[in-house]
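Trainee: So that we are looking at the same thing, I have put the structure below in structure tokens.
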Amino acid sequence: MIWLSFVSIAASIVAALALVPVVRSVARRIGIVDQPDSERKLHDAPIALGGGVAVLASLLVGFFSVIMLDRFQSESILGTVTPQWYSLIFCTLAMLAIGLIDDKWALRGRQKLLLQILIISVLVGSGTLVQKIGLLGIEVHLGSLAFPVTVLWLLVCVNALNLIDGADGVATTTGCFISFGLAVLSWEYGSPLGCMMAFCLAGSLIGFLVYNKPPASIFLGDAGSMVIGLLVGVLSVWASVKGSTLLASAPIGILAIPLFDSAAAIARRLLTGRSIYTTDRAHLHHLLQKKYGHRGMLIIVASLCVLTTTLAVASAHYEMPWLALLGIIVAGSFLVLTRSFGHAECRLVVIKATNMTRSFFKAPRSQMDTAEDEHHDCVPLQGDGKWHLVWEPLVHFAKAHDMAKISIDLNLSWLHEGYHASWAERRMPERTNQIQLRWPLLTASGTPGAPLNIGTLLIVAKADTPGIHEKFAELSLMLADLEPQIQHVINDLEREHIAAPRWGVNSPSPAKPAISRKELINEVPALVSGRQ
């Protein structure tokens, strides 16, 4: 068994080293490349996508090589390849195809999500079904919820690895440690084929990392990250079943880092009123890279993955599920308490919970309402722009003109800047008696006729407020007056961005700006307004 494990890793590494240059060349030739832009993709030149093709191909080379070697032995160690395995391979190829289409033509978020659900549903329908879950000693029979819960878990895994794939080497490194953890877990629970598959995935990612380490010459793309997510999701289910019960502590612990990043992203978007499909540069790898540099980011991500994976595997071996929970708590606490990642999202959750609790216990509206009967929250999500200079006049306007609520949400991803603030009366008017106005805030991007959206201003007022239409007209004039102030804040941030090193204080390469000075000058906003 041990020598087969070494063969699986070695064969996959060699296959990846040979296949990646071929895939990279073909991807460049047919135009499957990641084009840089001035907002989120700040690399200097187009980079080949489609790394998932090389990863999956090298994985299959290693996997079938090991199976063939096992068949030549007098007694098979790995056992029979059941129809479930063929279903997994088929669905993985389908997920790869969807990813390649997305890499080439950029599918909409809803389209991609629907296709993911269809593929995962086929896979779950073929037998990968969780009937019972055991978590910290508590066993839950899912019954009719078994199918949707299994689909949801695999969907979360696919998108968690997709979301964390935003910097050179980070998804590859994360996937590699997760694969090793799942290999050991499969071995522990007596799933030799699952163990070999996980080792082959780890080997293919090690080989791919040679070309994906900074500065990367090829990216995984959505094809690669979704394939890795599907494989680790399925293997986490197959590797953790004891009897008919899925012991959930270990797989959750092994996947803790990408799951934490995804949970924070969803919380951040929902609690600030953004769409869950909104893109930003506030993911785990973005913030760690800005604070510690690219090399420091990879070291921290790798260290946290080692911590959570080791304790998760130990929890399965010693039948102590609290060890997996301990690893999750330690990793999450480190990120939040050092303000490296997750601190702003925790603040948003606490603020939301506090406001809901106070609103629930608030007495009926009376004539004695005071300033305490309102809530006012400001959360710098990312960066340190002086947005209070813009926000405070807006709050003063809302109070003076009897508005029920005003909030601003800013997302300047190319500057690593995010800001969310909200002021509202404690008791909002009924929805049937509300007027809501969403005002997009735009800035010129240097491309004529293509302004960038930097955020949204939301105003809520009672429909029967006297002169409400005139007050909205006054707000329009006020926003025009605030344009120079908004421009001043952005100019300051762009000057700081020019002066800052590209990869942070611990950059492994000479510092240079992510965008040229000429490009940044062209990006200085000439107008920040929602007026047409």
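Here the Cβ of each residue, glycine as well, is placed from N, Cα and C on the backbone.
What TrEMBL records for this protein is below:
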TRANSMEM  6-27  transmembrane segment
TRANSMEM  47-69  transmembrane segment
TRANSMEM  84-101  transmembrane segment
TRANSMEM  113-130  transmembrane segment
TRANSMEM  142-162  transmembrane segment
BINDING   ASN162, ASP222  Mg(2+) binding site
TRANSMEM  169-187  transmembrane segment
TRANSMEM  193-211  transmembrane segment
TRANSMEM  218-241  transmembrane segment
TRANSMEM  247-271  transmembrane segment
TRANSMEM  292-314  transmembrane segment
TRANSMEM  320-338  transmembrane segment
Trainee: Is it the case that the transmembrane segment (84-101) and the transmembrane segment (218-241) have 3 or more CB pairs under 8 Å, with pairs at least 6 apart in sequence?
Mentor: yes
Trainee: Report yes or no: does the transmembrane segment (169-187) come within contact of the transmembrane segment (113-130), defined as 3 or more CB pairs under 8 Å with a sequence separation of 6 or more?
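Mentor: Touching, no - the transmembrane segment (169-187) and the transmembrane segment (113-130) miss the threshold of 3 or more Cβ pairs under 8 Å.
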Trainee: Tally Cβ pairs under 8 Å between the transmembrane segment (218-241) and each listed stretch (113-130, 142-162, 193-211, 292-314), then give the stretch with the top tally.
Mentor: 142-162
Trainee: With Cβ distances under 8 Å as the criterion, find the stretch in 113-130, 142-162, 193-211, 292-314, 320-338 that has the most pairs with the transmembrane segment (6-27).
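Mentor: Comparing 113-130, 142-162, 193-211, 292-314, 320-338: 193-211 has the most Cβ pairs near the transmembrane segment (6-27).
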Trainee: Ten-angstrom check, please: count other Cβ atoms within 10 Å of the Cβ of ASP222 (Mg(2+) binding site), all chains counted.
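Mentor: There are 26 of them.
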Trainee: Cβ distance under 8 Å to ASN162 (Mg(2+) binding site), same chain, sequence separation 6 or more: which residues?
Mentor: ASP222, SER225, MET226, GLY229
Trainee: I want to verify one value. Collapsing DSSP to three states, which class is ASP222 (Mg(2+) binding site)?
Mentor: helix
Trainee: Is the transmembrane segment (142-162) packed against any residues at least 6 beyond its ends, judged by a Cβ distance under 8 Å, and which are they?
Mentor: 95, 113, 116-117, 120-121, 123-125, 128-133, 171, 174-175, 222, 225-226, 228-230, 232-234, 236-237, 255, 258-259, 261-262
Trainee: Please state whether DSSP places ASN162 (Mg(2+) binding site) in a helix, a strand or coil.
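Mentor: Assignment for ASN162 (Mg(2+) binding site) reads helix.
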